[in-house]
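Taken verbatim from Swiss-Prot:
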type: BINDING; residues: Gly185, Met186, Pro187, Gly188, Leu189, Gly190, Lys191, Thr192; note: ATP binding site
type: COILED; residues: 63-83; note: coiled coil
type: DOMAIN; residues: 162-388; note: domain 'NB-ARC'
type: REPEAT; residues: 225-248; note: repeat 'LRR 1'
type: REPEAT; residues: 305-327; note: repeat 'LRR 2'
type: REPEAT; residues: 388-411; note: repeat 'LRR 3'
type: REPEAT; residues: 449-472; note: repeat 'LRR 4'
type: REPEAT; residues: 510-536; note: repeat 'LRR 5'
type: REPEAT; residues: 585-608; note: repeat 'LRR 6'
type: REPEAT; residues: 609-631; note: repeat 'LRR 7'
type: REPEAT; residues: 652-680; note: repeat 'LRR 8'
type: REPEAT; residues: 689-713; note: repeat 'LRR 9'
type: REPEAT; residues: 735-758; note: repeat 'LRR 10'
type: REPEAT; residues: 781-804; note: repeat 'LRR 11'
type: REPEAT; residues: 810-835; note: repeat 'LRR 12'
Amino acid sequence: MAEILLTSVINKSVEIAGNLLIQEGKRLYWLKEDIDWLQREMRHIRSYVDNAKAKEAGGDSRVKNLLKDIQELAGDVEDLLDDFLPKIQRSNKFNYCLKTSSFADEFAMEIEKIKRRVVDIDRIRKTYNIIDTDNNNDDCVLLDRRRLFLHADETEIIGLDDDFNMLQAKLLNQDLHYGVVSIVGMPGLGKTTLAKKLYRLIRDQFECSGLVYVSQQPRAGEILLDIAKQIGLTEQKIKENLEDNLRSLLKIKRYVILLDDIWDVEIWDDLKLVLPECDSKVGSRMIITSRNSNVGRYIGGESSLHALQPLESEKSFELFTKKIFNFDDNNSWANASPDLVNIGRNIAGRCGGIPLAIVVTAGMLRARERTEHAWNRVLESMGHKVQDGCAKVLALSYNDLPIASRPCFLYFSLYPEDHEIRAFDLINMWIAEKFIVVNSGNRREAEDLAEDVLNDLVSRNLIQLAKRTYNGRISSCRIHDLLHSLCVDLAKESNFFHTAHDVFGDPGNVARLRRITFYSDNVMIEFFGSNPKLEKLRVLFCFTKDPSIFSHMACFDFKLLHTLVVVMSQSFQAYVTIPSKFGNMTCLRYLKLEGNICGKLPNSIVKLTRLETIDIDRRSLIQLPSGVWESKHLRHLCYRDYGQACNSCFSISSFYPNIYSLHPNNLQTLMWIPDKFFEPRLLHRLINLRKLGILGVSNSTVKILSTCRPVPKALKVLKLRFFSDPSEQINLSSYPKIVKLHLNVDRTIALNSEAFPPNIIKLTLVCFMVDSCLLAVLKTLPKLRKLKMVICKYNEEKMALSGEANGYSFPQLEVLHIHSPNGLSEVTCTDDVSMPKLKKLLLTGFHCGISLSERLKKLSK
């Protein structure tokens, strides 16, 4: 959509203006003025677009056409900036005088064209009376329907019985913290239906009650007035002083209030000034529903949260059946053919466990013949039909996102349905596309700001959490099928993303492509074989089994490509030839190679000076030339497996570019680097390094790391692979920020308490000799939550996890993972004091014959 392109333009103009100021100084003040004008004008246009979208949704074709013009303008401006920035950098590198260069004159001419187009858009807006918009009538109708539903006698719940019983007990518990229950979850899960049934069941146990729909654009005065009328405040008291009289009454009454669909915390800040706290001696209760977990957390605390989940398949079919037959128990599947029943099950399954989708679909089917042919037609068109019925409810959550977060959400459209996506990938692709920028004066890194956006998407229940890291951060996530459909539709509508199927046979659409994903090798080969013009392409995702993928790509100059992701899914190792034309992708910022890929990046990579992330999967064997260090913006170099790190790119020969060519403030991840290329001055130089892996650690490296002052200070993750027994004592006690430590050694190594960082949360030991001395040290680590021991040798057959006389043993440990132990036959913990927080014991790999004490047996199931 237009606002997404405008956001990208604004962010890129900020970057270019900063580069001009730093690199060229007063010499280019006139050029910086043009960039600043672009930035200001795009901000104003974006504000107008955000308001105008409501009128577009209402069906105003004039606004729709105007927004299309604005979108095309924003796209052309982005193309201009992407083409212009590399020329600034090249000109600066070779000390050309920009003012006299031809491209600077060309840029000035393009700016004048843009100014004329802006004036023309404003003329059209005024000429055809396309004025600023009022509230969208459709939204008002939707809000009114929700208010009616809130008071309707609809209390049938399917698949939520356990949730209902749990919440009922919680509400009637006298010790309920804050007196608040927060029902949260993604749109369509039945939060309001469940809350209504709870409210109606318990309200007779209170002196007064009220239920209010809050909405996305609430007015505190109207909400308080609604509550006052329902709890019995007299008209006179309302007219005298609504707030004071309402608060006074609620202080002495035992009440229950349901606040449905709260979108943000600001409205609660207004309401709580009047509504007294529920945890008073009176014993009042508050039920809230929200799409945003952070809202519930803010109002009632963490303990108030109750997150609804999609229905299981049988419960989905049960609800589907009830809605098909209008809850008439006398009419069921008894007279239906087995084929029709199976089609019905498939239709219910396509709804993804979302009650709203099931209800909408059943409503469509009730208006059709109950035949296999009619239902099959619905099944075949499920994606569109269900989406149409749920679109407004789901789209409200999207429209509520901050403008800057919307392209981040749409990025999920590039992935297949139900695909687990690493947070690291999303964060760095967002940064590569300039969706995330650090404003001047903000000391936080772009990665931190991007992580905030991801956390917000999860809190709003638009994205589902898949895995967390050792320290509670999001490790991976996925998007629900129904929301994925919405995401894809929105992305295609705005020309944000397409598949090859969408644009085949239409050269005009192909030429406008900005992001494309291939899931099929045949489609990919046919598409590239059609010789498409891909001059505007920014992002290319290829999920493929074809080793010749790079040969297909060699026919094109992806001069504006920012992001390239190649996922090779075949089971065998495939050698790929990456041609030298790979170096023509001079705008490339993010490169990810995943799967069984074997090959070498060409020396022309030296031209990819804007690369920020290189991510090589553990299954890939990719050699990097030394030219990679010419990418002075490089932030993350990730070899997921240390076996790949024996790589020529790490040479520090003075004849080739090397790691010292990098800007010292940029590099954050270096995983792995061979120790023979590791020097003391390197660590002192890389001041923002957060993740470091060293292969073949030497005594000199141990000595460097064990100094009293941490180098670097920002280090959070450290992985060390030893090939020999170090004579130097490891001392990492001066690294307070390290929370994850991985040690791999083939020989015996003595470690005392000073070997470990004071705040370590996750520790992995590989091929260690584990004895009682080492175990005694591990037991005392105060913040250790996860301990993983892989292929370790045990010089004692029995590993006793209990503490000494004082019982002090693994005070924070939650997960103990033992993989393929050697020489271990028994693991015991004979008291209830040791490991008080242990939740799980994992025995994996070859571990036959290991006996466990009773407590550990329960935790290993």
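Just so it is clear, glycine is given a Cβ too, placed from its N, Cα and C backbone atoms.
Since the structure is predicted, the reported quantities are computational estimates derived from the model, not experimental observations.
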For the repeat 'LRR 7' (609-631), the number of residues DSSP places in helix, strand and coil: 5 helix, 7 strand, 11 coil
Model confidence over the repeat 'LRR 1' (225-248), averaged pLDDT: 91
Beyond the site residues Gly185, Met186, Pro187, Gly188, Leu189, Gly190, Lys191, Thr192: chain residues whose C-beta lies within 8 Å of the centroid, for ATP: Thr289, Arg291, Leu308, Ile354, Pro355, Leu356
Stretch of maximal Cβ-Cβ contact with the repeat 'LRR 10' (735-758) [cut-off: under 8 Å; candidates 449-472, 510-536, 810-835]: 449-472
Listed stretch, out of 510-536, 585-608, 781-804, 810-835, that has the most CB pairs under 8 angstroms to the repeat 'LRR 4' (449-472): 781-804
Tally of residues which DSSP labels helix, strand or coil - the repeat 'LRR 2' (305-327): 12 helix, 3 strand, 8 coil
Helix, strand and coil totals (DSSP H, G, I; E, B; other) for the repeat 'LRR 4' (449-472): 11 helix, 5 strand, 8 coil
Helix-strand-coil residue split for the repeat 'LRR 11' (781-804), DSSP-based: 0 helix, 10 strand, 14 coil
DSSP-assigned states of the repeat 'LRR 12' (810-835) in counts, ordered helix, strand, coil: 0 helix, 9 strand, 17 coil
CB contacts for Gly185 (ATP binding site) [other CB atoms within 10 A, all chains]: 21
Other C-beta atoms that fall within 10 angstroms of the C-beta of Met186 (ATP binding site): 24
Intrachain C-beta neighbours of Leu189 (ATP binding site), sequence separation six or more, cut-off 8 angstroms: Leu308, Gln309, Pro310, Ile354, Pro355, Leu356
Assigned element (helix, strand, coil) containing Thr192 (ATP binding site), judged by DSSP: helix
Counts by DSSP class (helix H/G/I, strand E/B, coil) across the repeat 'LRR 10' (735-758): 3 helix, 5 strand, 16 coil
